[in-house]
Amino acid sequence: MAARLIGFFLFQAVSWAYGAQPCIPKSFGYSSVVCVCNASYCDSLDPVTLPALGTFSRYESTRRGRRMELSVGAIQANRTGTGLLLTLQPEKKFQKVKGFGGAMTDATALNILALSPPTQKLLLRSYFSTNGIEYNIIRVPMASCDFSIRVYTYADTPNDFQLSNFSLPEEDTKLKIPLIHQALKMSSRPISLFASPWTSPTWLKTNGRVNGKGSLKGQPGDIFHQTWANYFVKFLDAYAKYGLRFWAVTAENEPTAGLFTGYPFQCLGFTPEHQRDFISRDLGPALANSSHDVKLLMLDDQRLLLPRWAEVVLSDPEAAKYVHGIAVHWYMDFLAPAKATLGETHRLFPNTMLFASEACVGSKFWEQSVRLGSWDRGMQYSHSIITNLLYHVTGWTDWNLALNPEGGPNWVRNFVDSPIIVDIPKDAFYKQPMFYHLGHFSKFIPEGSQRVALVASESTDLETVALLRPDGSAVVVVLNRSSEDVPLTISDPDLGFLETVSPGYSIHTYLWRRQ
């Protein structure tokens with residue numbers, strides 16, 4: 001109760017303002033609400049404007065239903081609050097941020113395009129415009145994955161080692177590519193694309209199937225590996241003809257998946273030694289000798305595999321010279337402490353970027369695929385993002401941008417959740433708590449922002465991270481996964497004190513000018 005009273009008095013002097021359009025909430029019986037959007041209405045946010053010097057902006061989302069609501073307060077010359085003090089240390093700098101985003105899978109594209117054009121536009125605007133959460137990363141699967149409705153690659157003609165029959169199907173030309181172009185037009189920020197393959201054509205594989213235990217035939221340096229490396233270049237060539245260029249490719253989506261008998265959907269197995277030699281002899285040279293200025297990210301699998309996978313690949317100078325970064329997935333994070341994996345990998349290879357390339361909830365066998373309005377799932381996202389940022393990761397990529405209420409479509413029924421769920425019969429979509437949790441980072445932390453130290457005066461259950469934006473302003477994100485309200489003060493040594501309170505089950509983003 002005392003904490004609630006403190007929070008009440010702290011914000012008596014704060015003026016409230018709301019985004020351009022408030023949320024229309026709807027409960028589906030879970031812990032919080034979704035925001036309902038249709039052809040005629042969708043909640044939106046104002047473009048980010050820096051508050052006047054000496055004041056701060058606070059964006060708040062709560063389990064009780066606030067969604068990135070803006071308030072403005074004054075930075076005080078003297079501290080008046082008690083309890084937790086978070087001190088910004090801007091001189092202690094860490095990694096620079098690449099960005100935040102999600103994946104344009106076949107399933108995502110099918111769901112978006114099943115909506116009416118006005119509703120499609122509002123969905124894309126929610127993700128990519130200044131009135132939305134301003135994603136700047138899009139992941140693109142190279143050909144089919146489990147979130148497709150059919151199985152295909154770009155070169156299914158057997159023994160076509162010249163890739164003469166390589167071609168993009170309508171999933172790319174009619175679905176994904178047009179939507180990516182729409183996103184690019186809506187965005188005020190440069191959007192970086194990265195691509196990942198799930199499987200090679202079956203005629204290049206030891207098991208002759210898209211799924212199950214199987215890897216490339218032969219040995220690195222041979223015609224099978226060279227053809228597969230050239231397939232990457234063909235993909236980049238094909239997308240370039242549609243005016244799309246890629247920031248990066250990953251060497252393989254979850255390369256360990258293809259090492260398991262009975263793996264249910266598209267995969268291609270690599271050990272770390274196999275990936276090392278494929279990169280050094282085939283993929284690295286193929287990309288370097290192409291016309292594309294594209295980065296190569298290794299691993300693209302669970303961080304549980306670190307640091308060993310990085311040690312195997314990057315200890316070989318011939319492979320290391322082609323590797324820009326290490327991509328990680330989140331699914332086994334509960335078995336892999338960040339310090340022992342991400343932290344140790346950064347210690348060993350401080351000049352190789354770490355990048356979170358896939359995450360979703362609802363994939364584990366004990367989880368319900370979709371839980372409309374789950375606040376806990378939003379907190380799982382923001383907890384992961386903060387943890388990753390604190391351990392040198394430069395960006396965080398969600399999985400499907402939009403799914404249906406079942407969590408698909410997915411050809412092997414591997415249904416999962418998504419920040420946006422599309423209700424096709426109603427020509428509507430639902431923005432979940434996950435969407436807003438992601439927005440607390442993506443909208444306010446543009447590419448080039450740099451993490452700095454933020455030191456707590458005492459042990460706390462709050463999870464926090466601080467960054468300096470390219471414009472010199474400061475951003476602090478505070479996540480409270482507990483039920484208790486927590487009074488706190490943020491100290492900027494050059495300016496003064498931000499007196500505030502973190503309500504139970506909330507996430508806040510603070511933004512202020514430093515000069």
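The backbone N, Cα and C atoms fix where each Cβ goes, and this holds for glycine too.
For C37, the disulfide partner named by Swiss-Prot among C23, C42 is C42. Set side by side, the disulfide-bonded residues C35, C37 differ in how many other CB atoms lie within 10 angstroms of their CB, and the most is found at C37. Counting every protein chain shown, the Cβ of E358 (active site, nucleophile) has 24 other Cβ atoms within 10 Å.
Between the alpha carbons (Cα) of C42 (disulfide bond) and C23 (disulfide bond) lies a span of roughly 7 Å. Remark: of the glycosylation sites N165, N480, the most isolated position is N165 (fewest other Cβ atoms within 10 Å of its Cβ). N165 (N-linked glycosylation site) carries neither a helix nor a strand DSSP state and counts as coil. For N78 (N-linked glycosylation site), the spatially nearest entry among the recorded positions C35, C37, N38, N289, E358 is C35, judged by CA separation. Counting Cβ atoms from all protein chains shown, N289 (N-linked glycosylation site) has 9 others lying within 10 Å of its own Cβ. Sorted by the number of other CB atoms within 10 A, the glycosylation sites N38, N78 start with N78, the lowest.
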